[in-house]
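What follows is one structure encoded as structure tokens, with my remarks underneath.
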Amino acid sequence: MDKAQQDALKKAAGIEAAKLIHSGMIAGLGTGSTVRFLVDELGRRVKEEGLEFTGVTTSRRTQEQAEGYGIKIVDIDDVDHIDVTIDGADEVDKNFNGIKGGGAALLWEKIVATNSNKIVWIVDESKVVDTIGKFPLPVEVIPFGAGQVIKKFEAKGYKPVLRLDADGKEVRTDENNFVVDLHLDRIDHPQELAQDLITTVGVVEHGLFLNMVDQVIVGDPNGPRILDNPNKK
Ligand code: 5RP
């Protein structure tokens with residue numbers, strides 16, 4: 001699949017997911033290229049259909065895009081609930097376990113997700129996999145002592161790589177932390193790995209989102225496909 005085809009599937013998933021947002025709702029808005037299509041569609045509906053809703057964003061990038069369309073964005077601590085959060089994902093398997101954080105927004109994404117009544121992911125079909133882990137697993141770490149955390153990951157065989165930008169500088173998250181990507185190739189025991197990562201001092205959060213998502217909307221050449229998580233009904 002080339003990039004244009006992939007973008008078309010991402011856009012179709014984003015447009016489908018935008019139908020879940022109605023006036024009066026509080027919506028969590030994720031981060032990434034698929035979510036950009038979602039926000040474009042919501043912006044169109046605000047302008048053309050008079051849609052009025054409040055958003056809580058998972059990154060400053062999404063906040064800027066949404067506010068550019070006149071969408072009202074508030075701080076997560078200024079809402080008492082979030083009706084639905086729509087976000088992208090890097091991989092998702094048949095047990096609705098996924099990897100997120102390709103866009104370095106995993107910490108805010110997990111905080112918004114855990115405070116949402118419903119979580120929906122929008123992906124193109126290439127993200128649906130048998131076993132997660134081919135996509136390097138992002139881990140957000142505190143800069144102080146990050147080298148020591150990386151050494152611990154190396155000793156465990158996690159193949160860590162500190163994420164750098166195009167200028168060779170460490171990528172910083174919206175919380176000013178580093179991202180370390182674990183090149184695991186496959187993750188057969190995600191719960192155990194999640195537990196090990198989150199109990200490593202210096203780790204703030206990891207990109208394993210295990211059985212959290214309620215629904216996945218897959219951009220498919222035959223039209224968007226909806227996968228409902230049976231464990232969340
Ligand atoms: C950002 C994320 C994104 O949702 C994920 O990387 C998917 O991005 P894209 O829609 O660009 O493929 O987790 O931290």
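Cβ coordinates are placed from backbone N, Cα and C, and glycine is handled just like the others.
Just so you know, TrEMBL annotations are computer predictions that nobody has curated.
Annotation note: Glu109 (active site, proton acceptor) sits in a helical segment as assigned by DSSP. According to TrEMBL, the active site, proton acceptor annotation covers Glu109.
Take the CB of Asp87 (substrate binding site) and look out to 10 A: across all protein chains shown you find 31 other CB atoms. TrEMBL lists Thr31, Gly32, Ser33, Thr34, Asp87, Gly88, Ala89, Asp90, Lys100, Gly101, Gly102, Gly103, Lys127 with the feature substrate binding site.
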Inset, instruction - Provide the three-state secondary structure of Ser33 (substrate binding site) computed with DSSP. - result: helix
Legend entry - CB within-chain contacts under 8 A for Lys100 (substrate binding site), separation at least 6: Asp87, Gly88, Ala89, Asp90, Leu106, Glu109, Lys110, Pro138, Gly207, Phe209
Inset, instruction - Give the subset of the binding-site residues Thr31, Lys100, Lys127 lying near ligand 1, defined as CB under 6 A from any of its atoms. - result: Thr31, Lys100
Inset, instruction - Drop a 10 Å sphere on every Cβ of the recorded positions Ser33, Glu109, Lys127 and tell me which sphere holds the fewest other Cβ atoms. - result: Ser33
